[in-house]
Amino acid sequence: TSAALTLLGGSVAAVVVWKWLGKKMIQKKMEEARKTRDEGLKKMAKAVQQFREQVPSVQTDVILSLPLLGLTERLREGSLSPKTVLYTYLEKVSALEVNQQTNCLRHFIPECEEQLQEIQRQKEKGLLYGIPVSIKDHIGHKGHLSTCGLVRGLDTLMKEDSVLVKVLKRQGAIPFAMTNVPQSLFSYDCSNPIFGQTLNPFNHLKSPGGSSGGEGALIAGGGSILGIGSDIGGSIRLPSSFCGLCGLKPTAERLRWVLGIWHIHLLNVGICSCSIAVPCALGPMARDVDSLALCMRALLCEEMFRLDPTVPPIPFNWEVYCSSTPLRVGYYDTDGYFPLPPCMRRAVKETRSALQAAGHQLVPFSPPRIPYVMTELFLKTLFADGGRAWLDVFTGDIVDPSLKPQVNSFKIPRLVKKLLALLLKPLVTTPPPPKDVAVISTCRSVKEMWNHHHQIQAYRSEFITRWKELHLDVVLCPILGPAFTTGYPGKLLTAISSTMLYNVLNFPAGVVPVSTVTEADEEELKRYQGCCDDPWDRKLKQAVSGAVGMPVAVQCVALPWQEELCLRFMKEVETLSRER
């Protein structure tokens, strides 16, 4: 007996030591990654200093204030040099103003200086000639990591540029920075254990959104004029809403989607079937709609179609974007699932009035069955296996505090989840709909999975039929916001119904800032009760409070493959909001 106890005690001790050594190894890897990033930023700062010594009379404020179209014009005519523009933006990033305040950068791309030389040798100046561009962490760049905020992503450098980066470079752009993301990308906050929490540049108590939160913070802070993000539930649109930017989620297949190694793993293994049923999309983020349109025009070129024949060879239609024909606009200010704060509904109402006054025809529109879409289509797609494969992604990793509520909910045994669903069923036959991911049903067989995919296709047909019956061109609707206090997105995963709908549908959808939170909005928020003043409604109220002066946005939507029309509508909304 004593021998058995000794053996048991020794085994327990060995497990404890093994776990301790594993944790120390993880911490060492994370420290090395942070050290590498900091050394890169120091090199950036040193290069900027050398440039300033050589060219002391740069009009920094003038360059940083130019919109993208104005900057491209100055670069093409030669009144500004690509080197001057690049180092002006590098200085803005490396100065205390942006990165050290928001922690938005994951890595500086030193090869930007090589690309600077390369564009001088190009026979023709591309549409993005000399433009510094930032890219999200997981978009592959040769010689750099694609981490997704995971320690296991620190081991593999990308062997070549992704198709998107190749096309950007061919159009004369200069990728100069990779931006921070939430761990595993599956969050609309922006925090991971390796590089830490990214903050909103307008209020450091607030999140920049996610998962393209580093892009949102960098562009809104003035450190980048154009960025590329990705979106599978709102990951371009939510940071755009939280940070006061314009952002476009195109139809997923419109741009080549080449991933970093760990994002491939997350989509194909960790989040099961979502890459088939609810596809992920790449898209631009910037300070105005014209910038988005120029980026799309640059990317939708022969080089993109040549490098990836699976991308439909549909060039950007500039005529549609520049059209001034009055539009027939469907609108709604709530989806009936997760009621948004008063300021976001106010934004839709004011924009609707402005559009009507400008000669557009406004038609009430009600998106069908959003609770069903959220629980039975979107969340069931992402967590078809009950979240088990997603949990496997964190094996040998430290879970970020912002993700712990989600991780813990998926660790609940399936039997307990079934009992919870059974107990809650009498309560959810009428509103409020279930808002806890722990009770979402799963796909238990291949047959059930394919039936689930069929249900998504059937819903898309139902939605398009309703759209066509009303003869709509576009739809105006709300977007989640204003910016949440950090830590709250992980507690309110199902609050993203406003954005996830258009991932399920695979419609192009964009965000335009139209206002800011007022004192009156804050007062009205005190009376907000949401759907039924349940715990989620109360959390939402806490998440968005204290946001006076923060950006308020609306969402603009078009039918699949009509990005140009979506952008044209966004431009109209932007123009009218600026006039107001």
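Even glycines carry a Cβ here, placed using N, Cα and C.
Unlike curated records, TrEMBL annotations are generated automatically.
Sequence annotations record features per position, and here TrEMBL assigns active site, charge relay system to K136, S211. Feature annotation from TrEMBL assigns active site, acyl-ester intermediate to S235. If you look up TrEMBL, you'll see L185, S211, I232, G233, G234, S235 marked as substrate binding site. Positions annotated as domain 'Amidase' by TrEMBL: 96-567.
If you take the CA of the residue listed as 'active site, acyl-ester intermediate' and look 10 A around it, the recorded positions you hit from K136, L185, S211 are L185, S211.
Residue annotation for substrate gives L185, S211, I232, G233, G234, S235. The furthest Cα pair among them is separated by 11 Å. Here the binding-site residues are G233, G234, and the one with the most other Cβ atoms within 10 Å of its Cβ is G234. Taking a C-beta cut-off of under 8 Å and a sequence gap of six or more, S211 (active site, charge relay system) has these contacts in its own chain: K136, V181, P182, L185, F186, S187, Y188, C190, G229, S230, S235. Mean pLDDT for the domain 'Amidase' (96-567) in the predicted structure: 90.
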